[in-house]
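Asker: Okay, handing you the structure first.
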Amino acid sequence: MAGRLDEDLKDVTLLGNQNTKYLFEYSPKILEVFDNNHPNRDYFVKFNCPEFTSLCPKTGQPDFATIYISYIPEQRMVESKSLKLYLFSFRNHGDFHEDCMNVIMNDLIKLMDPRYIEVWGKFTPRGGISIDPYCNYGRPGTKYEQMADYRMMNHDLYPETIDNR
């Protein structure tokens, strides 16, 4: 199979752009998609995002996390540079950890309409406690809905060694 044609990438405007503007306020409008060339098969796409930051909505203190985003695409896929810039836009966004993860998941569902998606934030401790919110979604009425239920019930059965924070 040949690579993608320029026509296939017409909606990808941020990748390769040397004049990238970093937004410091939450903005889902920056997200871009491209077509999935393999919609006839299930496969995971996973993003490991170790530099996520947001602000505590009460104190304004910065929060830091590694975020893991995994999804099974349908017709559209999120472009990685736009995802990076979107996550950066949380830098001055005041929200609780749990809210940030659900907002990210909801924005990606709206953007891509994936078969399945999960978002897991592993935040660095504040006050001696780390918070690791996990949320997922499987398309209703499909096997992915059952998959989401199963993964939710089994997502954290094995306690981790906290050595990366």
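Going from the start of the chain as shown, residues are counted 1 onward.
Cβ coordinates are placed from backbone N, Cα and C, and glycine is handled just like the others.
So Swiss-Prot lists the following for this protein:
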- C56: active site, thioimide intermediate (ACT_SITE)
- D63: active site, proton donor (ACT_SITE)
- V78, E79, S80, H97, E98: substrate binding site (BINDING)
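Relative to the rest of the structure, where do these features sit?
Answerer: Other Cβ atoms within 10 Å of the Cβ of C56 (active site, thioimide intermediate) number 14 in total over all chains.
Using a 10 Å Cβ-Cβ cutoff, D63 (active site, proton donor) registers 21 neighbours.
Following the DSSP three-state reduction, the secondary structure of V78 (substrate binding site) is strand.
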Asker: In angstrom units, rounded to an integer, how far apart are the Cα atoms of D63 (active site, proton donor) and C56 (active site, thioimide intermediate)?
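Answerer: Between the Cα atoms of D63 (active site, proton donor) and C56 (active site, thioimide intermediate), the distance comes to 7 Å.
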Asker: Note down the number of other Cβ atoms within 10 Å of the Cβ of H97 (substrate binding site), including every protein chain shown.
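Answerer: The answer is 19.
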Asker: Return the residue, from the listed binding-site residues E79, E98, with the maximum count of other C-beta atoms within 10 angstroms of its C-beta.
Answerer: E79
Asker: Would you mind pulling the DSSP three-state label for C56 (active site, thioimide intermediate)?
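Answerer: Looking at the DSSP assignment, C56 (active site, thioimide intermediate) belongs to neither helix nor strand, so coil.
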